[in-house]
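First comes the structure, then the notes that go with it.
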């Protein structure tokens, strides 16, 4: 027993020496190694820092009120969606509960993220494993920048800075700063506001900076990569319908989808969206060619009401429908590649009248939501894709950046783009959520300091001001809890 106690004491001393704290689901490390750097930042250009954190104070107050409005609208949207028989698409919601982020100098789980950037999802549930590095790195960086804001602002306001630390709660990383509470309580409410608002202000600035990098990325990478010539294939999933000898390969440059030109990834997504929403296009085939290529086949209806006229075992033939002056429902089983490669895209027979050669607009007779898509990726032979357009979109990864030299990585621009998008959404989420007037969040201290700065002359008794603050915090906490609960329910219900 004595040996066990001695070992325990040695272990605790070792943890204390290195600033470590271990508890269930929580690992924490605090150090004074960076104190000199923080003091250097906090004493750099005092006038500039005063203006910087004063702007941050205004932003934090506006964000506090704005976050309440945003959460209120989100709650109403979620409740409306739950009560309707045909819920809206997931991307229509303004906010969705999905991630955990740290609060200022506190350890607790807060599930939230902005749905305006819909690629953020639940780790371990629907977030791809390949995205986990971006996800957790963005959370850590957002947390560190948040806490650096608090620390530098505190030093600027003559509050003693004790140390900086990093923690891991379950699997989510975060950061915190340790400030001397007595000093914090002695300064004026306006000074306190500069400190408490600095975290959300720095997260907002980080999000804006990431957006600027994302927006200016073509110019930044211009010496090494060029854009505007097509969408470069960076990955094709193994189970992708575009995978195969006549499919797409890494390094291919897609220039057209049907008659829709593709100059970048946005065009690729837009073209696929248009193809999915519109009816299948047809192809102009002369009457002589149609008679030459077609052969007798049995016509029958599929379960969804569409017509099939080719053998189910055929890998090269597709059933086409067309009309002539006598009959508007004619079908022919034709070799798809021979029909499409030298043909003009059409919608009706009128689009095919040229040089007085009798021609028909033949349209693939496919299952509902299925499309025949001609993908041009020169100098290779065109890929003919049959399936749902979204399957092609989800299983093929592309980039708008084409390397100027062969030794340059085709993945680097995609990595920068993806990381910037994660920083924008997660840093923005941390800014919005921490501004909510809720217990244990920055919004609690922002609200208390704001009430002290504005209501001291109207509500003389401090107890009454504290009661007003408590009631607002109670309402804000309930609003956030309702959003979290309903958001999690919506996620699990799907």
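Note that the numbers count up from 1, one per residue, in the order the chain is shown.
Here the Cβ of each residue, glycine as well, is placed from N, Cα and C on the backbone.
TrEMBL annotations:
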TRANSMEM  49-72  transmembrane segment
TRANSMEM  93-115  transmembrane segment
DOMAIN    134-474  domain 'Peptidase M50'
TRANSMEM  135-155  transmembrane segment
TRANSMEM  164-184  transmembrane segment
TRANSMEM  204-226  transmembrane segment
TRANSMEM  422-447  transmembrane segment
TRANSMEM  467-491  transmembrane segment
| request: Taking the transmembrane segment (467-491) as the first stretch and the transmembrane segment (135-155) as the second, find out whether 3 or more Cβ pairs fall under 8 Å, excluding pairs closer than 6 in sequence. | output: no
| query | Where does the mean pLDDT land for the domain 'Peptidase M50' (134-474)? | reply | 91
| note | Same-chain residues at least 6 beyond the ends of the transmembrane segment (204-226) with a Cβ under 8 Å from one of its Cβ atoms are 59, 63, 141-142, 145, 400-405, 408, 413, 416-417, 420-421, 423-424, 427-428, 431
